[in-house]
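Chemist: Have a look at this one before I ask anything.
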Amino acid sequence: MIPLDGQPILTAGEMRAAEEATMVAGTSVDTLMERAGEGVAVAVHRLAAGADIVILCGPGNNGGDGYVAAAALHRMGAAVRVAASGAPASPAAVRAAARWHGPVEALAQAEPATILVDALFGTGLSRPLADEVAAPLHRLARAARLRIAVDVPSGVGSDDGAVLGAATCDITLALEAAKPAHLLQPAAQACGTVRLIPIGVPVVSHTHVLSSPLPEGERDMACVAPSITLPTPGPNSHKYTRGMVAIVAGGMAGASELASIAAMRAGAGYVLHLGEGQGPPHALVRKIFSADALQDARIGAIVVGPGLGRDDATRRMLDASLAAHRPLVIDGDALRLIDPTTIPAGSILTPHGGEFSHLFGQEGDKITRTRRAAAQTGAVIVHKGPDTVIAAPDGRVTVAGEGSPWLSTAGTGDVLAGAIGAMRAAGLDPFAAAGAGVWLHGAAARRLGPAFIADDLADALSAVRG
Ligand SMILES: NC(=O)C1=CN([C@@H]2O[C@H](COP(=O)(O)OP(=O)(O)OC[C@H]3O[C@@H](n4cnc5c(N)ncnc54)[C@H](OP(=O)(O)O)[C@@H]3O)[C@@H](O)[C@H]2O)[C@@H](O)CC1
Ligand SMILES: Nc1ncnc2c1ncn2[C@@H]1O[C@H](COP(=O)(O)OP(=O)(O)O)[C@@H](O)[C@H]1O
Ligand SMILES: [K+]
């Protein structure tokens with residue numbers, strides 16, 4: 001079982017195409033189903049640790065995986081039963097079901113078991129679960145001690161992360177690749193912990209799970225996703241090569257202070273805070289805002305938006321930031337003020353859901369929407385939330401899997417903008433800088449645990465810099 005870190009994410013259509021290409025190359029669907037079912041059986045056997053198991057099988061190939069897993073678990077000596085929502089319908093599922101020689105209970109009357117394996121529907125779900133399926137699924141899930149989904153929990157939209165009647169599982173065994181539903185809310189929550197089971201289908205994708213940074217030198221050894229790199233100083237580094245970040249401060253001073261401290265703690269060599277405030281940290285260089293101050297050619301990133309305000313004066317500050325022709329991180333109020341047609345290519349935008357909808361509308365799933373916005377603007381878009389999606393104008397997307405729900409507190413977005421500013425000023429390209437900033441932010445939050453405040457989060461960035 002492989003963790004999701006850095007893995008490709010495929011839509012149902014992309015997964016089907018990859019499966020078909022594998023079949024054209026000579027591997028039958030039965031072989032793929034055999035590998036899927038065997039892989040599921042091995043994982044379930046280990047997780048069940050001798051407890052009784054019921055496998056719920058649907059009519060399609062997801063159900064087929066369930067029948068194969070049932071037969072394999074029986075051979076392994078497990079106490080396994082099968083309950084089906086109806087007769088198998090796909091040809092491969094019919095053949096798989098014929099290999100299960102035990103009884104098949106009707107789903108509606110099925111007895112619960114300690115371990116529930118949900119193989120009713122996978123990526124082929126085409127509509128919400130009907131009550132006659134959802135009700136017994138939820139009844140059996142409530143009665144089980146451990147709920148394991150095959151590929152995706154039955155009753156989630158694989159591509160858009162909608163919940164269409166699924167029961168929440170503890171573990172999801174994703175076949176070959178991650179699916180959007182494993183990352184996008186609300187489905188991701190119904191998946192529990194997601195682990196991959198390889199079944200020998202070669203997959204390529206422009207969409208990946210955000211990976212943890214690899215130690216320097218190991219980058220080329222990574223066989224999966226594009227890994228992220230955290231820039232680290234060398235013997236010849238000085239404060240300007242480490243990166244100079246200018247933070248434009250507005251009416252709500254606390255927000256830009258948080259962004260400044262975050263930029264420092266994420267590793268910037270020099271942070272210039274352009275605003276009225278005073279006080280520590282002493283290493284923060286404070287100047288009154290002026291368009292001239294933004295002309296310093298050493299500035300590697302300007303962060304504009306946290307606590308900026310939305311009046312005429314702040315609009316002029318935004319205009320000066322755009323006119324400075326330095327790499328930009330555009331956040332918060334600046335996202336409300338800006339005309340999307342004036343966003344300089346190569347900028348990084350960090351909208352939360354409301355800011356994103358205001359700029360780009362709400363049509364489509366989160367990955368598609370974010371990718372489209374990046375292509376439209378030529379900017380990297382960090383579409384925040386419990387399922388942060390980062391899209392580049394060339395179509396690459398990463399989705400941040402592990403955040404922390406404790407990030408849902410005021411000011412954490414300002415911290416993210418500062419952290420991304422530091423990564424950009426250190427010389428990472430916009431897409432890499434966004435990924436590195438989002439990773440640092442999530443890692444700092446996980447390290448802090450519960451009930452931290454944004455000030456703690458900014459400080460904790462140092463500890464996860466590595
Ligand atoms: N990709 C790979 O390489 C491999 C993939 N494999 C596995 O295949 C899975 C995908 O299989 P799949 O395409 O057969 O779809 P699946 O999810 O079983 O459901 C389709 C069936 O359900 C029906 N149906 C749909 N919604 C319904 C509803 N709400 N309520 C009631 N019925 C509903 C639908 O009928 P219809 O929509 O036509 O009415 C159809 O009969 C994938 O997740 C993985 O587990 C492995 O076996 C091998 C390698
Ligand atoms: N439930 C959650 N789980 C994980 N991350 C979250 C959650 N809620 C918010 N976040 C993250 O916290 C940050 C909040 O940013 P934002 O909404 O701009 O807040 P603020 O404007 O108060 O700083 C974003 O990085 C977002 O991805
Ligand atoms: K399933």
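Using the three backbone atoms N, Cα and C, a Cβ is placed for every residue, glycine included.
Remember, it's a predicted structure, so these values are computed and weren't measured experimentally.
In case it helps, TrEMBL gives these features for our protein:
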DOMAIN    15-207  domain 'YjeF N-terminal'
BINDING   61-65, 122-128, ASP151, ALA255, GLY307, HIS352, ASP414  (6S)-NADPHX binding site
BINDING   ASN62, ASP118, SER154  K(+) binding site
DOMAIN    218-466  domain 'YjeF C-terminal'
BINDING   LYS384, GLY385, PRO386, ASP387, THR388, GLY413  AMP binding site
Chemist: Return the members of ASN61, THR123, HIS352, LYS384, GLY385, ASP387 (the binding-site residues) with CB less than 6 angstroms from at least one atom of ligand 3, or none.
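Modeler: List returned for ligand 3: none.
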Chemist: Quick one: pull the CA-CA distance for ASP118 (K(+) binding site) versus ASP151 ((6S)-NADPHX binding site), whole Å only.
Modeler: 9
Chemist: Measuring Cα to Cα, how many angstrom lie between SER126 ((6S)-NADPHX binding site) and SER154 (K(+) binding site)?
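Modeler: That separation, Cα to Cα, works out to 11 Å.
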Chemist: Return the members of GLY64, ASP118, THR123 (the binding-site residues) with CB less than 6 angstroms from at least one atom of ligand 1, or none.
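Modeler: Near ligand 1, sequence order: GLY64, THR123.
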Chemist: Look at the binding-site residues GLY64, GLY385, PRO386, GLY413 and tell me which residue has the greatest number of other C-beta atoms within 10 angstroms of its C-beta.
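Modeler: Result of the Cβ crowding comparison: GLY64.
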Chemist: Under 8 Å Cβ to Cβ from HIS352 ((6S)-NADPHX binding site), same chain, six or more residues apart: give me those in sequence order, or none if nothing qualifies.
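Modeler: Set apart from HIS352 ((6S)-NADPHX binding site) by at least 6 residues yet with Cβ under 8 Å, we have LYS384, GLY385, GLY413.
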Chemist: Which binding-site residues of THR123, HIS352, GLY385, GLY413 contact ligand 2 in the sense of C-beta under 6 Å?
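Modeler: List returned for ligand 2: HIS352, GLY385, GLY413.
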Chemist: At the level of the C-alpha atoms, what whole-angstrom distance separates ASN61 ((6S)-NADPHX binding site) and ASP387 (AMP binding site)?
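Modeler: Their Cα atoms are separated by 28 Å.
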Chemist: Do you know offhand how many angstrom separate GLY64 ((6S)-NADPHX binding site) and SER154 (K(+) binding site) by C-alpha?
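Modeler: Per the Cα atoms, GLY64 ((6S)-NADPHX binding site) and SER154 (K(+) binding site) stand 14 Å apart.
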